[in-house]
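Novice: Okay, handing you the structure first.
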């Protein structure tokens, strides 16, 4: 009786099928995990074998072809916004665009979006590394299509949409992979490689204005746009094949958050502040020195246009020189070289100019110094990322304990140097947008006209002083390093 009572009072236990484990099921799970690990180890061994067969960095046919392709794409894609003055002058005196006050917004929108869109384009390319390989071709299709469609524009708004918005977005899509992959192809000569690539814009600034102006005069706007779209795609599309990663990318398995903590560091803030200040004044001489030469010195149209050609030619040399220096000296030293050249040249040569030879000397000085400022970004990228980036594929890790962890490329927990670049480019885009209305207001105000000597009393004195001050302000990171802020 007592036994039956105890059995009735004992609590009833329930066994869930989910928690019921058998030796067979445990063996199956262990076997599956072991097979997955074996597959992953085999993949790692295969990747190690591929790494041994990869082309060398800093030298060799593949690295040089990559750099050549980037140089030409840089020259032709960025060439249009930097040569927009040719089109701006044509639009201002040709119906149906004549008389519109929004013509300047076309070039500002184009270059601004190319700078600002780098961030979202980089995010997408990191998320889908296998598709990033085709990003240059997609971007070139958008750029060339926007030029072709703009040939049939009937008002400035349509030009802003085609040549401004779509060209800017397409240009960023085509260009960002060049920055992503150059870290894989060049290590010891990285600064020089960047300098050579970025010198393409200066070279385009010498050649393209002459070619495009000749086409506009000979064939008119519509035919010129169609010709330029076809030629641009015909030259750059085959080269897109060579804009590729050195290490074959792997598919993303687990997307990790991008490390953006560096944005709040004093070091990055100082570098970005220097960058934005410099960019606010950088574009002023390229726009107003030819006008200054014509209005104040009575230069002919050809003599005035020669100022831009000299500036762009000098910037080619400056970019390569600063790229060589940035591999050997601290970034703030190179920034200070650019700062001193641009500041002294602006105040002493442009400000005191009384004939065209002095203006031409100023264009050489400003092109060598200010025209090469963006090449210092490679040093900033190295400083912020905390290391010289060695070649890594554009993938993410499958886990911290995974054999694949050595093949990560998400930069989770580390600073992606390309992320530093796109944020510096965004800062330059902001400076570009700020510069337009400020310089235009100073130009129409014409202060100090007839009240000072030389260029300062020409009516362009405020522009000269403002350009010199912003050039001087670009050296703030040099001061920040001396006081321990960066």
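Every residue gets a Cβ built from N, Cα and C, even glycine.
These numbers come from a predicted model, not from an experiment.
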Novice: If you check TrEMBL, which stretch out of 34-54, 160-180, 244-264 is marked transmembrane segment?
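Specialist: Of 34-54, 160-180, 244-264, TrEMBL gives transmembrane segment for 160-180.
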Novice: When you look at the transmembrane segment (192-212) alongside the transmembrane segment (359-380), do they share 3+ Cβ pairs under 8 Å, ignoring any pair fewer than 6 residues apart in sequence?
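Specialist: Contact between the transmembrane segment (192-212) and the transmembrane segment (359-380): present, because at least 3 Cβ pairs are under 8 Å.
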Novice: By Cβ distance under 8 Å, which residues at least 6 away from the ends of the transmembrane segment (192-212) in the same chain are close to it?
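Specialist: Contacts with the transmembrane segment (192-212): 67, 70-76, 78-80, 82-83, 85-87, 178, 182, 185-186, 224, 228, 305, 308-309, 311-324, 326-327, 367, 371-372, 374-375, 377-378.
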Novice: Is it true that the transmembrane segment (102-124) and the transmembrane segment (136-154) have 3 or more CB pairs under 8 Å, sequence gap of 6 or more?
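Specialist: Contact criterion not met.
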Novice: Given a Cβ distance threshold of under 8 angstroms, which distant residues of the chain, six or more beyond its ends, lie next to the transmembrane segment (333-353)?
Specialist: 274, 285, 289, 292, 297, 322, 325-326, 359, 361-362, 365-366, 368-370, 372-373, 375-376, 379, 453-456, 461, 464-465, 467-468, 471-472, 474-475, 477-478
Novice: Which residues of the chain, 6 or more past the ends of the transmembrane segment (136-154), have a CB below 8 A from one of its CBs?
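Specialist: Contacts with the transmembrane segment (136-154): 73, 77, 80, 96, 162-163, 166-167, 169-175, 177-178, 221-223, 225-226, 228-230, 232-233, 236-237, 240, 243.
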Novice: Ranking 64-87, 160-180, 224-243, 268-291, 303-326 by Cβ pairs under 8 Å to the transmembrane segment (418-439), which is first?
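Specialist: Looking at each of 64-87, 160-180, 224-243, 268-291, 303-326 in turn, the most contacts to the transmembrane segment (418-439) are made by 268-291.
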